[in-house]
Structure formats: structure tokens, C-alpha cells
Amino acid sequence: MALNFPNIDPVIVKFGPFDIFGQTFEPALRWYGFTYLVGFVAAMWLLNRQADRSNGLWSREQVSDLLFYGFLGVILGGRIGYVLFYHFDYFLASPMYLFKISEGGMSFHGGLMGVITAMIYIAWKQKRTFFAVADMVAPVVPIGLGAGRIGNFINGELWGRVTDVPWAMVFPSGGPEPRHPSQLYQFALEGVALFLLLYWFSKRTKKVGAVSGMFLLGYGIFRVIVETVRQPDAQLGLYWGFMTMGQILSVPMVLFGLYLILRPEGKQ
């Protein structure tokens, strides 16, 4: 007996239509974008709170700078990563596919690379070490991750594999078979559990880079676990018959995260 998908309208409210220069526009506020907005505001509040308690190491102005470039990194990196990692064939056939953002498609691993690029720039601009910036940012990242997974669930996308567990759901775009609600698993692990883990760990270590390492380790492990029940991307399938692209991209995160946590104290 499968649970019914709640079928929440992905659009909260529509505006218009508006006719501009002969073109009709009907902008809309969607739950997917709204969840990210809520996540961004919550992350901003927490970062400002951390800055206020940093004994002058961070100012709110510096946090605003970090958020601005971090946001750009997430959007640009997430889109580029999605196209290169998951739809490279589309890009080769039509490079303009990269700019078709309205069709959806973001990659966490691409967004991570974008954020890393932004943090390198902020570290240079504010004359800090890279990990001084990364350790500041890492504890709030799960907020955005969790918000995004709720958006995925409302959209009825990125569902799991066919299953007979009691909480399985039939998704409108997933066929008649009941499936794992893998978006909710990711919300619970990558959002809630990872946030609590990083909050706890950040209070118990002063080692430079360790909090960043715990984020990489925790996210990588959680992603590898959930990918075992998440439906593989249709255009990619499984590599070597058992690994998804998400798992392949997460394994280096686990290894580098372990290195950052276990490396000798003081080594940069």
C-alpha cells in the first residue's frame, strides 16, 4: 500500500500576464525558489550571528560580501556542473543549452565548486586563509541543501527507486510504481542531520580546516548512502554496474574530508 504524493502546486502565486514589446510574460513565485530563498535568509541570519560573536574577526559587511559571491558561485557553478556532469551530450549538440535555466537543472557538486571559487576570492580580498572562510561557511550550507530538497519533493522530481517499503510514494512523473521518497531522505540527512553534526563539531574543535573536512565527510557519506535508493539519472545509468554519478563525485569528498580532519595540527 503506497502513500499518495500530496500533489502540491509547485507555483505559489502567478503575476500577470504582462505584455511587453509584443511578448507575453507571466512571472510566478514557485515553491522551489521560495525554499531556496528561505534557506538563504536563514543562512544569512546565522552567519551574521557568527560574525557578531567572532570578537571582531568578521563584520556584517564582510559577511554580506561573502554571501553575494557565494550566491553567484552556487548559481553559476550549479548550472555549469549540471550541464557538464549530467547533460554534456546536450551541451555538445547545442552549447546554448547551458543558458536554458528555465528548463531547470542544478548540480550540488557544481555548486560546491562555484562556492569554493567564491571563497578563494573572498579569502584573497579579505586577506584570510581559505579555510578561515570555509570553516565559517560550512556549518550553514546544510540549510540551503535541506531547503532545496524540500523544493525537489514539492516539484515531484528526483524521486527514488521502486520499492515496497510502507512509506513508498507514487510520484506523478515516476510512473505507477511506488518509489522511495529519496528527496525526504536527503532533507533529513544532508539538511537536518548534517547541520546538527556540524553545529556540534564546530563547538568542539579549533583545528583549521576540520569543520570544512567534517562537512565534506558527512555530506559525501550521506550522499553515497541515499544514492543507493535514489533513481539513477536515465541518461547516465550506473557506472561499472553499481555506481551513480552522484556517488562517483562524492567519494573524493569523503577522502579529502578525512584528510582535513586527521592531518597533523597546524599543517596548512
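Placed from the backbone N, Cα and C atoms, the Cβ positions cover glycine too.
Per Swiss-Prot, the feature transmembrane segment maps to 27-47 (among others).
Annotation comment: Swiss-Prot describes 66-86 (among others) as transmembrane segment.
The transmembrane segment feature in Swiss-Prot is assigned to 104-124 (among others).
Beyond its flanks by at least six residues, the transmembrane segment (130-150) meets 32, 35-36, 38-40, 42-43, 46-47, 50, 58, 66, 70, 74, 106, 108, 115-116, 119-120, 122-123, 183-184, 186-187, 190-192, 194-195, 198-199, 202, 208-212, 214-215, 219, 268 of its own chain at Cβ-Cβ distances under 8 Å. Look at Swiss-Prot and you will find 130-150 (among others) tagged as transmembrane segment, backed by sequence analysis.
Marked as transmembrane segment by Swiss-Prot: 181-201 (among others).
Annotation comment: Swiss-Prot describes 208-228 (among others) as transmembrane segment.
Taken from Swiss-Prot, the feature transmembrane segment covers 242-262 (among others).
If you look at the transmembrane segment (181-201) against the transmembrane segment (104-124), you find fewer than three C-beta pairs under 8 angstroms, all six or more positions apart, and that falls short of contact. Proximity of distant same-chain residues to the transmembrane segment (27-47), defined by a Cβ-Cβ separation under 8 Å and at least 6 residues beyond the stretch ends, is recorded for 8, 10-16, 18, 63, 66-67, 71, 136-137, 139-141, 143-148, 150-152, 154-155.
Cβ atoms under 8 Å from those of the transmembrane segment (104-124) belong to residues 65-66, 69-70, 72-87, 130, 132-134, 137, 141, 145, 148, 157, 223, 246, 249-250 of the same chain, restricted to positions at least 6 beyond its ends.
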